[in-house]
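Engineer: This structure is in structure tokens; I'll ask about it shortly.
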Amino acid sequence: MTIAIGSTYQEKRTWFDDADDWLRQDRFVFVGWSGLLLFPCAYFALGGWFTGTTFVTSWYTHGLATSYLEGCNFLTAAVSTPANSMAHSLLFLWGPEAQGDFTRWCQLGGLWTFVALHGSFGLIGFMLRQFEIARSVNLRPYNAIAFSAPIAVFVSVFLIYPLGQSGWFFAPSFGVAAIFRFILFFQGFHNWTLNPFHMMGVAGVLGAALLCAIHGATVENTLFEDGDGANTFRAFNPTQAEETYSMVTANRFWSQIFGVAFSNKRWLHFFMLLVPVTGLWMSAIGVVGLALNLRAYDFVSQEIRAAEDPEFETFYTKNILLNEGIRAWMAAQDQPHERLVFPEEVLPRGNAL
């Protein structure tokens, strides 16, 4: 048997190894494998949105002016959804609708599908970026897991909901006032505010804001700095690197306030992670239900009684009336291509039915 002394086995490097080294090397802005998805998609999504809000009209899809060029401002400009007749077409520039004509593609609403799809994959790339960097510095992946919540909301609202409806037309347009209109649409056609999944989402977001405020205030309240001086205001020095707040003092404070308090930082911060993420995921699940036109909390008995007894009215029946008004006014305004004409007898009256 022959033994080679002084030689070591070295695996042959491939192009993949070279690419891996370049993508993951330490630089000011980390690229990584996730960057191959994140950076192009984010660039195209933002570029498409800025292009649409600056130059592109929605006259051919919604009968609206939605660009700076037409006189809109930041709050009223938008990249609008495609025409209802486009259904669920991906509206590729080279597809049968636009046939390579960029102007026609913009007129049909192609920029909306462009922004929505690149935006979705850009968000997913950002989550993968958090996984990748956490892996490289030996951290747990909770940041990426938390970021799955806003991704779930984006995908459910902008993609899954219109997929359950007749077309992309019923998704939100990408603009501030456009999102407000979509919220009113959700209320009028789905009674969204009374949906338990929406309630859980509100509880999660507002509860997280409350937890964030309480946590920040408590840490500031219990800051200390080593020393014998009576004046502890120096503890607010923002450049001090060490952890300088007292968990014991915070625990005692909230035990006196509420009677209960978090006993360790791990459970406290996990709870601060759990509340908003769970809330956003629940709201995303609720929107998936709306995509299928599922309804929740229709108190029909109150509606029937309100119809029979003009003196009986609840906040629920008043809201049902408001929803009817939203539908009656919005449907004709929002879907002019349907040429809807509502006779007087179907417009909202003075009771729930």
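Note: Cβ is positioned from N, Cα and C throughout, glycine not excepted.
These came from Swiss-Prot, pasted as-is:
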- His118: chlorophyll a ChlzD2 binding site (BINDING)
- Gln130, Asn143: pheophytin a binding site (BINDING)
- His198: chlorophyll a PD2 binding site (BINDING)
- His215, Phe262: plastoquinone binding site (BINDING)
- His215, His269: Fe cation binding site (BINDING)
- Thr2: N-acetylthreonine (MOD_RES)
- 41-61: transmembrane segment (TRANSMEM)
- 125-141: transmembrane segment (TRANSMEM)
- 153-166: transmembrane segment (TRANSMEM)
- 208-228: transmembrane segment (TRANSMEM)
- 279-295: transmembrane segment (TRANSMEM)
Engineer: Counting Cβ neighbours within 10 Å across all chains shown, tell me which of the binding-site residues Gln130, Asn143 comes out on top.
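Structural biologist: Of the binding-site residues Gln130, Asn143, the most buried by Cβ count within 10 Å is Gln130.
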Engineer: Starting from the Cβ of His269 (Fe cation binding site), draw a 10 Å sphere and report how many other Cβ atoms land inside it.
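Structural biologist: His269 (Fe cation binding site) is surrounded by 14 other Cβ atoms within 10 Å.
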Engineer: Let me spell it out: take the transmembrane segment (125-141), skip the flanking residues so only those 6+ beyond its ends count, and list any with a Cβ under 8 Å from a Cβ in it.
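Structural biologist: Tertiary neighbours of the transmembrane segment (125-141) are 24, 30, 32-35, 37-39, 41-42, 147-148, 151.
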Engineer: What same-chain residues lie close to the transmembrane segment (41-61): Cβ under 8 Å, and 6 or more beyond its ends?
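Structural biologist: Same-chain contacts beyond the ends: 67-70, 72, 77-83, 106-109, 111-112, 114-115, 118-119, 121-122, 125-126, 169, 173-175.
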Engineer: If one looks at the chain holding His198 (chlorophyll a PD2 binding site), which residues at least 6 apart in sequence have a CB under 8 angstroms from its CB?
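Structural biologist: When sequence neighbours closer than 6 are ignored, His198 (chlorophyll a PD2 binding site) has Trp192, Ser283, Gly286 within Cβ distance under 8 Å.
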Engineer: CA-CA, which of the binding-site residues His118, His215, Phe262, His269 lies nearest Asn143 (pheophytin a binding site)?
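Structural biologist: Result: the closest of the binding-site residues to Asn143 (pheophytin a binding site) is His269.
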Engineer: Any same-chain residues 6+ apart from His118 (chlorophyll a ChlzD2 binding site) with CB under 8 Å of its CB? Would you list them in sequence order, or say none?
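Structural biologist: Spatial neighbours, sequence-distant, of His118 (chlorophyll a ChlzD2 binding site): Cys41, Ala42, Phe44, Ala45, Gly48.
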